[in-house]
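**Q** Okay, so Swiss-Prot annotates it like this:
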type: BINDING; residues: 21, 126, 127, 166, 167, 168, 169, 177, 207, 208, 209; note: dUMP binding site
type: BINDING; residues: 51, 169, 263; note: (6R)-5,10-methylene-5,6,7,8-tetrahydrofolate binding site
type: ACT_SITE; residues: 146; note: active site, nucleophile
């Protein structure tokens, strides 16, 4: 995870201070990239403890095509609470776009099912892309997608994934995003008979909120520990068939959690 820590240090010391939508203020840079070889360990931060249950439940929630926080609340995950309406709805956010993208003609496309089939049948395709940025739906979303487009790539029996993230909350959000897409890559590789390759994380506006500076300094003062291992315990027919108990994380020995406020 040295690439993440180097980026955290770069933004903290070289970033440009800017006003932002939330009113908190940020220090940001534009256009950065990190690479993680999933064969070298699961990229979950060890310089602070992350809540792996929340990351996994959120990913399974996306893959269900769900956009109501009911499932998350049932599983004690609160990361979307601030954006949901009184009924728990968020509008046509990630899960809706992944599983039920609505075209101009009214037809819907299950992008996850499509890309899984393409990986199996046409692995050299350059069109192994899933997008959550449906321009017509953006005004209806409680929060437009931050991690908005990902592409798979098959080579040498390994499945790699590149994510483009337009807005990257470096202290709170990005560590979740790294782990989530590393999980998704591992899961997709498992069901398509491949091994996990690289996760490539491309960031647009990468920023630290002004009320995260002290927390970032504390994290940078800590020595990284060995990465954990992510195990998939069961074979399933499709990536959308996975359940929470199908996974196991071993040898995760992080430093203590660092609390920081969420900018809404």
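In case you wondered, yes, glycine gets a Cβ from its N, Cα and C as well.
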**Q** Just give me the nearest neighbour of residue 21 (dUMP binding site) among the recorded positions 51, 146, 263, Cα to Cα.
**A** 263
**Q** Near residue 169 (dUMP binding site), which recorded positions out of 51, 146, 263 have their CA within 10 Å?
**A** 146, 263
**Q** Need one number for the dUMP-binding residues 21, 126, 127, 166, 167, 168, 169, 177, 207, 208, 209: the maximum pairwise CA distance in Å, whole number please.
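**A** Farthest-apart Cα atoms in 21, 126, 127, 166, 167, 168, 169, 177, 207, 208, 209 are separated by 36 Å.
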**Q** How big is the (6R)-5,10-methylene-5,6,7,8-tetrahydrofolate site in terms of the longest C-alpha to C-alpha distance among 51, 169, 263, in angstrom?
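**A** Max span of the (6R)-5,10-methylene-5,6,7,8-tetrahydrofolate binding residues, Cα based, is 19 Å.
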**Q** Roughly how many Å separate the Cα of residue 207 (dUMP binding site) from that of residue 51 ((6R)-5,10-methylene-5,6,7,8-tetrahydrofolate binding site), to the nearest whole number?
**A** 21
**Q** Just how many other Cβ atoms lie inside 10 Å of the Cβ on residue 127 (dUMP binding site)?
**A** 10
**Q** Select the most exposed residue of 21, 51, 207, where exposure means the fewest other Cβ atoms within 10 Å, treating these as the binding-site residues.
**A** 21
**Q** Taking 10 A as the limit, how many CB atoms besides its own sit near the CB of residue 169 (dUMP binding site)?
**A** 23
**Q** Taking only same-chain residues 6+ apart in sequence, whose CB is under 8 Å from that of residue 263 ((6R)-5,10-methylene-5,6,7,8-tetrahydrofolate binding site), what do you get?
**A** 20, 22, 24, 169, 209, 211
**Q** For a quick check of packing: other C-beta atoms within 10 Å of the C-beta of residue 209 (dUMP binding site), how many?
**A** 23
